[in-house]
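Participant: Annotation comment: TrEMBL describes 6-27, 87-106, 112-132, 158-178, 190-208, 220-243 as transmembrane segment. Residues or ranges marked as N-linked glycosylation site by TrEMBL: N78. Look at TrEMBL and you will find 80-137, 169-247 tagged as domain 'Potassium channel'.
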Amino acid sequence: QQISWTPLLVLGYLFYLLLGAMVFQLLEKQAETHFRDQFQLEKLKFLQNYTCLDRQALEQFVQVLMEAWEKGVNPEGNSTNPSNWDFSNSFFFAGTVVTTIGYGNLSPSTVAGQIFCVFYALFGVPLNLAFLNQLGKGLNAHLITLERWVQKPGRAQVQLAIFLSTGTLLFLVFPPLVFSYVEGWSYGEGFYFTFITLSTIGFGDYVVGTNPNKHYIPAYRSLTAIWIVFGLAWLALVFNVGADLMEKFLQLKWHKPDFSLAEGATIKLEDEPEQPRIHIPS
């Protein structure tokens, strides 16, 4: 008989969330306290150096800076900074909407823009999923071709290794080098941005093309958006394969033979995995 592993999966999922919460709290809370105290100290020093200002005026100015940042206006630089809504940046923003990345550093501020964004996402997200599904089928067909080429034992493992290594190089290893050169980030920061973007987590703490002190080519963010789409399809396929393997592991782990079967009967395991399904993590 087969034991239901759903309750165990639920408990494991909750435990994983609790574990993550404890680790993030341990790693980040002390640093946050340090930065908060440092910021308050800097405000006190600013008031001491500029006695013509009082605390209320300074707090009002800080509020203006925060509102500007929320509206997508970088407080650094001056009015000659490139627009956040030129065609290249707008193309990049449209890509973050339909892919559900949603960095949060830029959003429509007009009522008309907000309403359009709702309906644009309403039709764009399903369209993006359909496109990624077709792209995933193309990747899967390529994997099948590779499998036919490798005619020796262990070809499935070789096929999977080629798929993972090639995708890792194209979407996770090389792009951080480009972002490090263009944005001035460290390689670790570039790798962090790459994975957070392609997994559609999209915190918004690192976003390409937003430094007012750097000059970007017009097509930089548009090319990045195209890279994101193909990277999404690859990483989503990897996530889906991982989810399928985890489900099969749990099913096999908690599966016990049914000894009531007729003598001579055999339990046939699935010989071939089903076609990968593209799911975009939200």
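Each residue, glycine too, has its Cβ placed from N, Cα and C.
TrEMBL annotations: computationally assigned, not manually curated.
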Participant: Please work out the helix, strand and coil residue numbers for the domain 'Potassium channel' (80-137) from the DSSP assignment.
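Facilitator: Counting residues by DSSP class gives 39 helix, 0 strand, 19 coil.
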Participant: Decide whether the stretches the transmembrane segment (112-132) and the transmembrane segment (220-243) have at least 3 CB pairs under 8 angstroms, with pairs required to be 6 or more apart in sequence.
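Facilitator: Contact between the transmembrane segment (112-132) and the transmembrane segment (220-243): present.
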Participant: State the non-local partners of the transmembrane segment (87-106) in its own chain: residues 6+ outside its ends, Cβ under 8 Å from one of its Cβ atoms.
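Facilitator: Hits for the transmembrane segment (87-106): 72, 117, 120-121, 124-125, 127-128, 197, 200-204, 207-210, 218-222, 224-225, 228-229, 232, 280, 282.
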Participant: As a test of reading the model: what is the averaged pLDDT for the domain 'Potassium channel' (169-247)?
Facilitator: 90
Participant: Mind tallying the domain 'Potassium channel' (169-247) by DSSP state, helix then strand then coil?
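Facilitator: Helix/strand/coil tally for the domain 'Potassium channel' (169-247): 55 helix, 0 strand, 24 coil.
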